[in-house]
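Peer 1: Here it is, the structure, as structure tokens.
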């Protein structure tokens with residue numbers, strides 16, 4: 001075995017592209033990129049390749065590689081997922097969604113924006129796939145009720161028309177026929193002059209109306225399904241833990257620029273991304289409204305009119321909410337923990353005033369991070385009982401032990417463990433690029449880009465990432481692109497976040513293909529969609545998203561992160 005291995009090493013040493021450390025690291029990155037795009041092996045297994053290849057190629061020691069797979073960013077993501085699992089486990093997200101829909105109403109346009117707002121809000125805290133899978137059945141039930149109610153109204157009109165025609169014909173009949181009708185009525189008919197539903201023949205005009213109604217609701221179902229899955233992807237960009245690329249951005253910034261002073265935290269990320277999310281959501285709603293509903297404001301918004309269909313659809317949502325019953329003790333506890341977690345994230349280091357972590361712990365070093373807060377609050381879920389503890393006397397039979405708000409069996413079943421390995425694989429690639437010198441080589445090669453205006457570079461790279469993420473997972477896309485973008489920003493002396501932040505959000509703009517992201521696949525199975533339907537809607541939304549992101553980074557992004565100047569902490573990246 002040793003002789004065979006020596007022969008392989010001698011053969012590889014003769015290859016020019018493996019003679020340099022930079023080329024070896026580049027080979028690993030290209031290999032992982034191909035595996036991630038083709039998915040010939042699971043994505044998480046591909047993310048483990050640096051553990052094998054970096055030590056064998058002499059790029060990094062095994063201990064140094066393995067430690068990259070469990071960093072502070074992984075703990076932040078893990079803690080956030082634990083809280084999200086608890087919210088899903090106790091159906092708190094369903095209660096929130098139905099309550100919002102009851103407030104919004106059931107007019108077509110209001111219903112669409114209501115579903116989009118609800119889905120986006122839930123996707124800020126729980127997984128995009130879970131929020132999509134929960135909201136789509138509710139949307140289908142409401143639309144089905146609207147369609148059935150409108151169909152019943154048309155049938156009633158058909159029967160009334162038939163009765164009226166029958167009355168006119170009977171005016172020419174003899175008196176004995178009237179007596180025959182009275183006899184039939186006394187024999188048990190519900191009402192005279194009533195035409196049964198099944199014998200009501202439709203006129204060509206009514207058939208045409210029926211076809212138009214079915215076409216309208218088929219189109220509305222497509223638009224509603226697309227609005228839900230798009231809102232899930234857009235909503236995930238608003239918070240640091242909303243989707244995996246956001247956590248990768250924080251991890252890569254901390255890894256490549258360790259002296260950045262915690263520029264990316266929950267508060268600063270939210271301050272930039274939330275307004276961008278709201279703007280993108282509004283523009284997406286307008287585009288879907290134009291595509292599937294048109295701009296008939298009287299019909300779409302109702303203009304103060306009320307129809308039986310609206311009341312029936314509202315009743316469907318209200319009945320679903322009543323099925324949940326009163327809020328349980330477990331739901332209340334999860335809601336309190338979730339609220340406290342968000343408040344502690346916002347107030348840890350708000351930026352404009354010293355946060356509680358700065359005052360109590362981080363006086364000379366950053367001891368307490370967002371990951372610390374996430375793990376502390378999520379650990380409470382395993383300590384608090386799911387039912388309210390009651391006092392018992394000594395004579396009472398011993399009560400059964402109550403389960404906690406969250407058990408490890410539930411976590412083991414619902415936790416996406418592969419995401420943690422994907423995060424670690426990205427951090428290992430970034431560290432390997434620095435150790436091997438590949439990042440420096442890439443930066444020097446990209447120096448001619450200094451002649452291009454920064455805003456043009458940002459737009460072009462966002463379009464490239466948005467196109468790439470259509471055929472690759474957003475996690476793999478950000479993992480591959482962010483280290484390269486960091487090197488380029490350092491080489492041409494622009495703020496790294498000016499490029500890295502827009503490209504990170506662009507990685508979530510996977511709107512065109514059903515296979516681009518799990519929410520798209522879920523919507524594709526629910527909404528009777530065709531690939532062309534999703535491609536038409538998503539193609540425009542990709543451009544809308546890229547433009548929106550670049551408007552944001554050049555306006556309030558500059559004010560939040562001081563993007564007009566090249567920061568001192570970006571002059572020297574992490575070196576061995």
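Placed from the backbone N, Cα and C atoms, the Cβ positions cover glycine too.
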Peer 1: Scan 263-288, 289-314 against TrEMBL and say which stretch is down as transmembrane segment.
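Peer 2: It is 263-288 that TrEMBL annotates as transmembrane segment.
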Peer 1: Among the residue ranges 349-366, 367-384, I'd like the one that TrEMBL describes as transmembrane segment.
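Peer 2: Matching range for transmembrane segment: 367-384.
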Peer 1: Among 27-54, 75-92, 367-384, 507-527, point out the range having the most Cβ pairs under 8 angstroms from the transmembrane segment (480-501).
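Peer 2: Out of the listed stretches, 27-54 contacts the transmembrane segment (480-501) most.
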Peer 1: Which residues of the chain, 6 or more past the ends of the transmembrane segment (539-561), have a CB below 8 A from one of its CBs?
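Peer 2: 230, 234, 263, 268, 271-272, 275-276, 279-280, 283-284, 287, 455, 458-459, 462-463, 466-467, 495, 497-498, 501-502, 505-506, 509, 511-512.
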Peer 1: Most CB pairs under 8 Å with the transmembrane segment (263-288): which of 75-92, 98-126, 415-432?
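Peer 2: Stretch with maximum Cβ contacts: 98-126.
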Peer 1: Between the stretches 75-92, 328-347, 367-384, 415-432, 452-468, which one has more Cβ pairs under 8 Å with the transmembrane segment (98-126) than any other?
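Peer 2: Of the candidates 75-92, 328-347, 367-384, 415-432, 452-468, 75-92 scores highest.
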Peer 1: Report, as numbers and ranges, every residue of the chain located at least six residues beyond the transmembrane segment (415-432) whose Cβ falls under 8 Å of a Cβ in that stretch; write 'none' if there are none.
Peer 2: 25, 28-29, 32, 42-44, 46-51, 54, 59-60, 64-65, 68-71, 73-74, 77-78, 81-82, 85, 127, 244, 247-248, 251-252, 255-256, 438, 475-476, 478-480, 482-483, 486, 574
Peer 1: In the same chain, which residue numbers or ranges, 6 or more beyond the ends of the transmembrane segment (328-347), come under 8 angstroms Cβ to Cβ?
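Peer 2: Sequence-remote neighbours of the transmembrane segment (328-347) are 83, 86-87, 90-92, 95, 125, 240, 265-267, 270, 355-356, 370, 373-374, 377-378, 380-381, 384, 386-388, 405.
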